[in-house]
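As given in Swiss-Prot:
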type     : residues      : note
BINDING  : 84, 485       : Cu cation 1 binding site
BINDING  : 86, 129, 546  : Cu cation 2 binding site
BINDING  : 482, 545, 550 : Cu cation 4 binding site
DOMAIN   : 34-150        : domain 'Plastocyanin-like 1'
DOMAIN   : 161-312       : domain 'Plastocyanin-like 2'
DOMAIN   : 429-565       : domain 'Plastocyanin-like 3'
CARBOHYD : 80            : N-linked glycosylation site
CARBOHYD : 241           : N-linked glycosylation site
CARBOHYD : 300           : N-linked glycosylation site
CARBOHYD : 386           : N-linked glycosylation site
CARBOHYD : 403           : N-linked glycosylation site
SIGNAL   : 1-25          : signal peptide
């Protein structure tokens, strides 16, 4: 199975050479995804795994900035499915965004749907994944946008690129894991392994052969495209004996940041430069381990792979030499932070700044038209009568924003909005501030009432509005780092802090010069984060925690951007093959 690691790398090398790293030309690129079962073995455990085209991870979508993309998805399983193109803005094409019951009804068994959209003013590393129940545990892949212009990275010529997709593996059927969690009201069973490009590596049982390996030449520079497709865990990543240079996050160029390790949340991407500055013939660990802020059970293991330097070995000793090199690499200390190292996670996140050059300006709104402040909370709900619940104190776990636990409707919100048939589907009364003001991060999690309301509540803004959303963490049950993803828009993280947000003092300390531009960000443990959005994309857009367990519990909301005054500022009509509920 080690050959699978080389297969993934060679596929990317082929893309790197057939799709030039930059091009001013654009075209229509077509792909076909078959969602299907595939028998896969990991950790000495064989099971039917949900895949795209039988691949785990799924196929890479590689396009150029300005391309029109058509991806036909055929559902070959008995369950409904959808695919989300994570981080793609979908300007005026919300029908192609993918979250089930938000922008489309799911694709039914034996049916197909073609996602059509244009890649406009975006370049870099993104991802795609399933967006129905917990299918994205194995249905995911890289989405690479090559730029019109040369990379702005200074320094050495780029030799090639290496994709590294982080994931999780369960020996159990993940659908059953989710169902058990929702039935019992308890937390989900943790994964059995973390993976690098679908491979757990030699620290897990029966997995020496299932180890990711990338080959480099000494003296050359490589692009590492790091994608966190894990279901429920933020991760630290490092390469032994190497300094990494961050040059892009979430497909947006950044000022260079030199670091020994990174923290990356589910849904985030980080593009790094790795200079192969070690001696030929060596091997070095690349490792990922969780960043933990939760009191809930978690997988505390580490996945590793290898960066192998080319170099001649004597034929008669090649196997033994390779084994000795690998043992030496395994004994090398990797500069991974401690799993509880919030200080490092905070410092790293704060170090990321937008490039802010003349060619790639930072278009952060310096003034706002609307501010929404929302709490993000884990909740406990009373157990229904005649039912046993396994959550804390015999209750059920839920989650909420401003004490509203999001409920998906039985039909698409976008379609009902477009047809002006919202009655009974959703309402536009999401509270724009917490219903009660209290010490959000100092509350006693035992004595407080942690019940929540349920609903499909959104808020609405005018086209072109300059929107600020402040996400306030709470200490209900646990203070925790929440990675939140905004669909349909990039945003600027203008402020972050610990404790409670102060609307008078904290905005005075905002970074309105070069804040990081992202599509997914982490609200600090026991703190808050403020983002600003240029709301210039008409449609219905989902905001949710990218820890899938929390989304299932209701940690989500949505907002609507109304049509603008010009034809080019209006939502396009639905496609003819849009799935029906």
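Every residue, even glycine, has its Cβ placed from backbone N, Cα and C.
Distribution of Swiss-Prot features across the structure.
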residue : record                      : Cβ contacts under 8 Å, 6 or more apart
80      : N-linked glycosylation site : 100, 106, 107, 108, 109, 132
84      : Cu cation 1 binding site    : 97, 98, 99, 128, 129, 130, 131, 487
86      : Cu cation 2 binding site    : 126, 127, 128, 129, 143, 267, 485, 519, 520
300     : N-linked glycosylation site : 289, 290, 292, 339
386     : N-linked glycosylation site : none
545     : Cu cation 4 binding site    : 376, 399, 482, 483, 484, 485, 551, 555, 556
546     : Cu cation 2 binding site    : 265, 266, 267, 483, 484, 485, 520
550     : Cu cation 4 binding site    : 378, 399, 482
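In the three-state DSSP scheme, residue 550 (Cu cation 4 binding site) falls into the helix class. Secondary structure from DSSP puts residue 300 (N-linked glycosylation site) in coil. Residue 485 (Cu cation 1 binding site) carries a strand DSSP state (E or B). In this structure the C-alpha atoms belonging to residue 403 (N-linked glycosylation site) and residue 241 (N-linked glycosylation site) are separated by 47 Å. In terms of DSSP secondary structure, the domain 'Plastocyanin-like 3' (429-565) contains 10 helix, 58 strand, 69 coil. Taken residue by residue with DSSP, residue 86 (Cu cation 2 binding site) is part of a strand. Summarised by DSSP class, the composition of the domain 'Plastocyanin-like 1' (34-150) is 6 helix, 59 strand, 52 coil. Highlighted in sequence order, 376, 399, 480, 483, 484, 544, 546, 547, 551, 555 have their Cβ within 8 Å of the centre of the Cβ atoms of 482, 545, 550, the residues recorded for Cu cation 4, and are not part of that set. Take the mean position of the Cβ atoms of 86, 129, 546, the recorded Cu cation 2 site; other residues of that chain with a Cβ within 8 Å of it are 84, 127, 131, 136, 140, 229, 266, 267, 485, 520.
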